[in-house]
Amino acid sequence: MTRETMIGVIGGSGLYEIDGLQDAKWVELSTPWGAPSDAIFTGTLNGLPMAFLPRHGRGHVHSPSSVPYRANIDALKQLGVTDIISVSACGSFREEMAPGDFVVVDQFIDRTFAREKSFFGEGCVAHVSVAHPTCSRLSEACFEAGKAQGVKMHNGGTYLAMEGPQFSTIAESKMYRESWGCDVIGMTNMPEAKLAREAEICYASLAMITDYDSWHPDHGEVDITDIIKTLMGNADNARGLVARLPEILDAKRNACEQGCDSALEHAILTAPEKRDAELVANLNTVAGRVLNR
Ligand SMILES: CSC[C@H]1O[C@H](OP(=O)(O)O)[C@H](O)[C@@H]1O
Ligand SMILES: Nc1ncnc2[nH]cnc12
């Protein structure tokens, strides 16, 4: 099955707008899961359709715990987004992953606990695999685009998703780094990546390193003022990286070889006659492909 590529960029802290889109407009959408974080900026970038959504809203209104993750993914899917690039500010647990570097994340440890994590539930139960939570084809494209942009890129890394909003204690930071083998830490990629998989959208995560969290003996504790300074430079590089994606990604593509866009094929366990009609109606955008056949 060939499909038209449409890129969705979720901009994290410091990335609230992108430029260079042709025929650009802000689109307001509603979803069964509430309103998305903000209106979505749509247009084409060098011939490729693109949608940009600031995760925290313009002006940074939503905290990591209150970002409407389900509404964001549903709204991007409504627009026809096939590939999500999630851009996030992160702390680093590795000396060699320095502030200013980007990491193409390929694994997560989810320590969040105060968020809705699934579109499914009572009356329509589904279990998708997130063993490989990011799309390798899309991640590779981000890695190449970052290198072309001149950013120091790291290919692969484990992202610890914490609830926040406070940063970690030194004991937590050392545990995530030494015992759990994590590479970076942030507050937002979970449940975002899980929801993108449930919605059958390819997902890649670009972690922009802003600090060394609190484990590093020479860097002291996380300082939000330093983070913001680093974010300014990072955000320009993130915009540059995104602008290079149309040179790398095909405008039409085949089904995802990894199966991101068929994740729901056998995932729904609830028998058709036992399904909750209201939930099924709410799932129309994300799971209509399998529920309506
Ligand atoms: C600006 S420091 C903490 C803040 O930054 C990250 O946001 P995002 O992932 O949206 O870039 C982190 O997760 C926290 O929300
Ligand atoms: N050290 C850190 N911990 C959690 N989220 C972050 N975002 C940026 N730096 C972070």
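Residue numbering: from 1, along the chain as shown.
Keep in mind that glycine also has a Cβ here, set from the backbone N, Cα and C atoms.
Any TrEMBL annotation is an automated prediction that lacks curation.
With a cut-off of 8 Å between CB atoms and residues at least 6 apart in sequence, the same chain places ILE10, GLY11, GLY12, SER37, HIS62, VAL67, ASN72, SER88, THR188 near ARG55 (phosphate binding site), listed in sequence order. The phosphate binding site annotation in TrEMBL covers SER13, ARG55, HIS56, SER88, ALA89, THR188.
TYR212 (substrate binding site) falls outside any helix or strand according to DSSP and counts as coil. Every protein chain considered, the tally of other Cβ atoms within 10 Å of the Cβ of TYR212 (substrate binding site) stands at 24. For MET187, ASP211, TYR212, ASP213, the entry in TrEMBL reads substrate binding site.
Among the features that TrEMBL reports, domain 'Nucleoside phosphorylase' is placed at 7-244.
Under the heading site 'Important for substrate specificity', TrEMBL lists SER168 (among others). In sequence order, GLY91, MET162, TYR176, ILE185, ASP213, SER214, VAL222 constitute the residues six or more apart from SER168 (site 'Important for substrate specificity') in its chain with CB-CB distances below 8 Å. A coil conformation is recorded for SER168 (site 'Important for substrate specificity') in the three-state DSSP classification, outside any helix or strand.
What TrEMBL records for ILE224 (among others) is site 'Important for substrate specificity'. For the recorded site, ILE224 (site 'Important for substrate specificity'), the DSSP three-state label reads helix.
In this structure the C-alpha atoms belonging to ALA89 (phosphate binding site) and MET187 (substrate binding site) are separated by 9 Å. Mean pLDDT across the domain 'Nucleoside phosphorylase' (7-244) comes to 97 in this model. In the three-state DSSP scheme, ARG55 (phosphate binding site) is classed as coil.
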